[in-house]
Amino acid sequence: MAMTDVLSAEDIKKAVGAFSAAESFNYKKFFEMVGLKKKSPEDVKKVFRILDKDQSGFIEEEELKFVLKGFTPDGRDLSDKETKALLAAGDKDGDGKIGADEFATMVAES
């Protein structure tokens, strides 16, 4: 499954482009711009599964660094600071990774 099966290619391009500058990533604005906030819980789970590259059931810190590339190959890598901020925002139970429910909560809160 590709990200464009769930989200519009145009929305993805705009959202990733809006955060192309280093240290500019804001997950709340990104999820809104990419159209994820308006999607069904099932679609949000599909996006989670795409971002969970190793299919472990969690998005670990190493996968978060490449979250924009998960939306489009043209996306930049997040800085360590941005990656840690994203992990802190999503990791509600403090286990150092983001599960599907935590991801859905993060999208809903954005």
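Here the Cβ of each residue, glycine as well, is placed from N, Cα and C on the backbone.
Whatever TrEMBL says is automated annotation, not expert-curated.
Note on the domain 'EF-hand' (39-74): residues 1-3, 5-7, 12-13, 15-16, 19, 25, 80, 83-84, 86-87, 90, 96-100, 103-104, 107 of its chain, located 6 or more positions outside it, place their CB under 8 angstroms from a CB of the stretch. For 39-74 (among others), the entry in TrEMBL reads domain 'EF-hand'.
Annotated Ca(2+) 1 binding site per TrEMBL: D52, D54, S56, F58, E63, in sequence order. Listed in sequence order, F58, I59, E63 are the same-chain residues six or more apart from D52 (Ca(2+) 1 binding site) with CB atoms under 8 A from its CB.
Listed as Cβ neighbours of the domain 'EF-hand' (78-110) (distance under 8 Å, sequence separation of 6 or more from its ends, same chain) are residues 22-23, 25, 27-32, 36-37, 41, 44-45, 48, 51, 57-61, 64-68. Taken from TrEMBL, the feature domain 'EF-hand' covers 78-110 (among others).
Annotated Ca(2+) 2 binding site per TrEMBL: D91, D93, D95, K97, E102, in sequence order. All protein chains included, D93 (Ca(2+) 2 binding site) registers 10 other Cβ atoms within 10 Å of its own Cβ.
The number of other CB atoms found within 10 A of the CB of K97 (Ca(2+) 2 binding site), across every protein chain shown, is 20.
Nearest Cα neighbour of S56 (Ca(2+) 1 binding site) among the listed binding-site residues (D91, D93, D95, K97, E102): K97. Here the candidates are the binding-site residues D91, D93, K97, and by Cα distance the one nearest D54 (Ca(2+) 1 binding site) turns out to be K97. Note: the domain 'EF-hand' (78-110) comprises 21 helix, 3 strand, 9 coil (DSSP; helix = H, G, I, strand = E, B).
The Ca(2+) 2 site is defined by D91, D93, D95, K97, E102, and by the 8 Å test on Cβ atoms against their centroid, the other residues of the chain that qualify are F58, G90, K92, G94, G96, I98, G99.
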